[in-house]
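Per TrEMBL, these features apply:
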- 1-22: region 'Disordered' (REGION)
- 67-85: transmembrane segment (TRANSMEM)
- 91-112: transmembrane segment (TRANSMEM)
- 132-158: transmembrane segment (TRANSMEM)
- 178-198: transmembrane segment (TRANSMEM)
- 210-229: transmembrane segment (TRANSMEM)
- 330-351: transmembrane segment (TRANSMEM)
- 371-390: transmembrane segment (TRANSMEM)
- 410-427: transmembrane segment (TRANSMEM)
- 485-508: transmembrane segment (TRANSMEM)
- 535-558: transmembrane segment (TRANSMEM)
Amino acid sequence: MEKVYSSQEGLDEPMTRSSQQHGGLKTMPFIIANEAFEKVATYGSTANMILYLTGAFNMEVVMGAQALFLWTAISYFLPIVGALVSDSYLGKFRVIVLASLFSLTGMVLLWLTTMIPSASPKEGEKATPAQLALLFSSFAFMAIGAGGIRPCSIAFGADQFNKPESPGNEGVLQTFFNWYYASVGVSIMVAVTIIVYIQDHKGWRFGFGIVVLLMLLSTILFVLGNPYYVKVKPTKSLFIGFAKVLVAAWKNKDLVLSPTNSIHACSYVYHHHRGSKLVAPTNNLSFLNKACIIRNPSEENLKLDGSARKPWSLCTVDQVEDLKSLMRVIPIWSTGIMVSVVVGQNSFFVLQAKNMNRHITSSFQFPAGSFVVFTILTYTIWLVVCDKIIVMLVSKVKKQKGSLTDKQRMGIGILLVCASMIVWALVENIRRKRAIEHGMSKIAHSVVDMSAFWLVPQHCLIGVSEAFNFIAQIKFYYTQFPKNMASIAVALFSVGVAVGNLVGTLIVKVVDKASKGSGNQSWLSSNLNQGHYDYYYWVLAVLSFVNFLYFLVCSWAYGSENNEEGIRVLGDDGEEVKEKNMHV
């Protein structure tokens, strides 16, 4: 009969409080103020950036778009590093403070490109290497700042209210989340309306100066709350655990697995946590099972407390199953990359709006960079109101309480992304034809007598697609991962957005190079009237539809969202039993 060794490793609660007076509602103003000002500053810097790059720095549209895609990608990759540093070394508080200082430094450098005459090129001239170095250094500092703030901010706030012994703790925690997300939504809308308007009408120097001031306030307010915060000590990171499983599985690659992992049919000795019900790994992705097999079942492999003497050579069943749950969702996760590609097209959307009539009154123009507010409003309204209507309709059809599954929502989101690109292509085709008919084909920044509010439906479609796909993605990861991997859900989504922006950069480069072959004008010309942005949108529409077909295959291969494969566990009487949905 198979022996099972266990350990206490990884079960200790890492949170310690220096004082019972720390944490609670009194910390909320500092944390939410920090988040609100940081979001206004960050989105106030990025919403209008394509116009700054093509205007003040005289960049070609393609180069500017690629720079922004790359900046966004790095900003979404670095939260993985930020989470690792926070969980394993510095803790959330220190990481947020350092990240805020990095963001502030980046915004100061960006502001200096407007304050110092020699820091930006003269009109009609290309930027020098030194000028580009200063600009891209500001982007790098802001990306590092985002990498520290994004994974730690809401988790640090939740730490202040993590008092399981308190009867009303859940309600207080929910209040914090509500205020937190409300502040994020309001902050982004302020950034893409008021800050963008200031940049358009008062100039970049004043607009970026406001951003620097807001980021400074964000940092100061967060530090002022230091005496009141609960600070969780760093502990071992899940990412390191994943690496250990891969290394251990490789070291044990010469082991030959039995056809079954049944406890009574297999002579392998598995290592698992003391107190954990998981005593043997599942059959899926079985090559990883070698990581938790004790090659020489003797006490020499384990310490007195039951933990492995060589954790890079022997892992627990729990660690193996954690990595498996991550690997199983990767195919479905990859379908969200194309959604992020489309959502990341805002640079082109801003340029399109810039070349259209944006007048609301004879004296007031709606800023081109502010049209994204319709995406945000639609996203918010859909989540608050329309989603509840869908739940009611689905319940009536099914004749039982319920809603769409997470995978169904993701699929709908992908189709809506495809539909949005079709509408973008059709509207751009009409805009371009009108420009040519009015003799504006060679005038790069001509404004066509066509209302820019023709762009609102497309923004709304993207907002709804985000509400369906992005929210469903995060929820899907949460439900499919073990509870100790909850933080990975947001991190995995963040990486998806980053990869989407890298893929977006590649698509722009390929389309630009392919379309201007044989001396033709690029579809992505800086002169929208001579380019063919409508063709580019059609390319994205086709890729989005292919992605939908790919999603159907991945969804079918994944199977039910409820984990149907039983996980071998020990019951209260010590006998082997099967439990489903251990990770939900």
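Note that the numbers count up from 1, one per residue, in the order the chain is shown.
Yeah, the Cβs are placed from backbone N, Cα and C, and that goes for glycine too.
Keep in mind that TrEMBL annotations are predicted by a computer and have not been checked by a curator.
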Recorded stretches the transmembrane segment (330-351) and the transmembrane segment (210-229) touching, at least 3 CB pairs under 8 Å: no
Same-chain residues at least 6 beyond the ends of the transmembrane segment (132-158) whose Cβ lies under 8 Å from its Cβ atoms: 27-28, 31-32, 34-35, 38, 42, 45, 57, 67, 71, 74-83, 85-86, 92-93, 95-96, 98-110, 112-113, 119, 173, 176-177, 180, 229, 487, 490-491, 494
Touch test for the transmembrane segment (67-85) and the transmembrane segment (210-229), at least 3 Cβ pairs under 8 Å: no
